[in-house]
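Colleague: A single structure is presented below for examination.
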Amino acid sequence: MSPMSNANSITPTELSPFVYWSQTKGQLLLKVDLKDAQGVVAEFTNTTLSFAATGHGARGRNAYKFQMRFFLPIDDETATFSVTDQKIELHIRKAEPAWWLRLIATPQKPHWLRIDFDRWRSEDDGDKNEAVRDVREDYIEEYNKLQKQEIGYVREHAKKVYLIIYNLAMLVGYLHILLIMGVLYIRDGSDSIKHTYEYVGTSFKFVQLMQYLEVMHPLFGYTKGSPLVPFFQISGRNFVLFLMIEMEPRMHAKPVVFYVFIIWSLVEIVRYPYYVSQLLKRENGLLTWLRYTIWIPLYPMGLVCEGVILLRSIPYIEETKRFCIDMPNKWNSTFDMVLFVKIYLLLLALPGSYLVMSHMSKLRAKKLGRGRAKPKVN
């Protein structure tokens, strides 16, 4: 058997266990025929699966492994596996509910892949709704080689090019801010801190507004995930930047503005190059580690700085009555901005910080754990 080129075959030196598969419209179930398995690793992307384990299979007790490219995308975030004495089961959710014509991308089926007839269901048992697929996805590497031979380069999709340009532009924006702050600090020392907003406030407002494009990306299918997550994250920063800092000139010279700008910028100059590396499919271990580790010191410091800005703004709002609405008025309603900021500060300090930290902790465990699926508790 030839070396694997489409993630559906193995090299002659590798042993593969028998794998039995079945499906429903929304789920895949893979049963790996290995007894007394140990060291089970299942690494998922939205299109591939890499499996390795030691157990008793068709060739006795050995190390077994296999890789496959799925027929259509899966939801790799929710994929799990469970291990028993007799077998290993992988539970996979399809990205879009549909009956698959086959499990793997290529029509050639490896000898170790078989149908689990005991659990098999077909499209006749449900709705007849076949998903449209691009046959080029079945032979990605071969198609890319042909493109290079024919036109000299690999033609990228317009949305991928746009995302690369967007992420690079945002990286340049935050690097520009950090460089200006650094040069001024080297030149003027601590005296430059009180002039931070004067020098980079306009640039920071621009890049922060540009980040709202990240809310639009999942809406138009450019990225995965919910638009609500980036919306709340970006809006939280902009609430502090535009309402608490921009609208109150006395806040401009506060040292906390300097520190929060440094923290926000450091997070972004790691995040955006990481996204570029993912788009270009050029994994960088150090960059991945930084992306999912640098938040550990920076997020708590950022939350403290934002909290300080909110606390320092409360006396100014009480004095100016900015954003407050008093009776009587034509809407027959009132709004106390001071009370709103206090409630916002309470939510930021308790549930807000917990949700952010727990979310990033789960992502870190997944990414730095090499994408391993979580064992399913029996």
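From the backbone N, Cα and C atoms, a Cβ is placed for every residue, glycine too.
TrEMBL entries are annotated by machine, without manual review.
According to TrEMBL:
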DOMAIN    14-104  domain 'CS'
TRANSMEM  161-186  transmembrane segment
TRANSMEM  257-274  transmembrane segment
TRANSMEM  294-314  transmembrane segment
TRANSMEM  335-357  transmembrane segment
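Help me picture where these features are in the structure shown.
Modeller: The DSSP breakdown of the domain 'CS' (14-104) into helical (H, G, I), extended (E, B) and coil residues amounts to 0 helix, 60 strand, 31 coil.
Same-chain neighbours of the transmembrane segment (294-314): 236-237, 240, 244-245, 248, 251, 254, 256-257, 259-260, 263-264, 266-267, 270, 338, 341-342, 344-345, 348-349, 352-353, 356-357, 360, counting only residues six or more beyond its ends whose CB sits under 8 Å from a CB of the stretch.
Proximity of distant same-chain residues to the transmembrane segment (335-357), defined by a Cβ-Cβ separation under 8 Å and at least 6 residues beyond the stretch ends, is recorded for 236, 239, 244, 299-300, 303, 306-307, 310-311, 313-314, 317-318, 322-325.
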Colleague: Taking residues 6+ outside the transmembrane segment (161-186), which of them lie with a CB under 8 Å of any CB in it?
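Modeller: Same-chain residues near the transmembrane segment (161-186) but 6 or more away: 192-193, 195-196, 199-200, 203-204, 206-207, 210-211, 213, 217, 222-223, 258, 261-262, 264-266, 268-269, 272-273, 275-276, 279-280.
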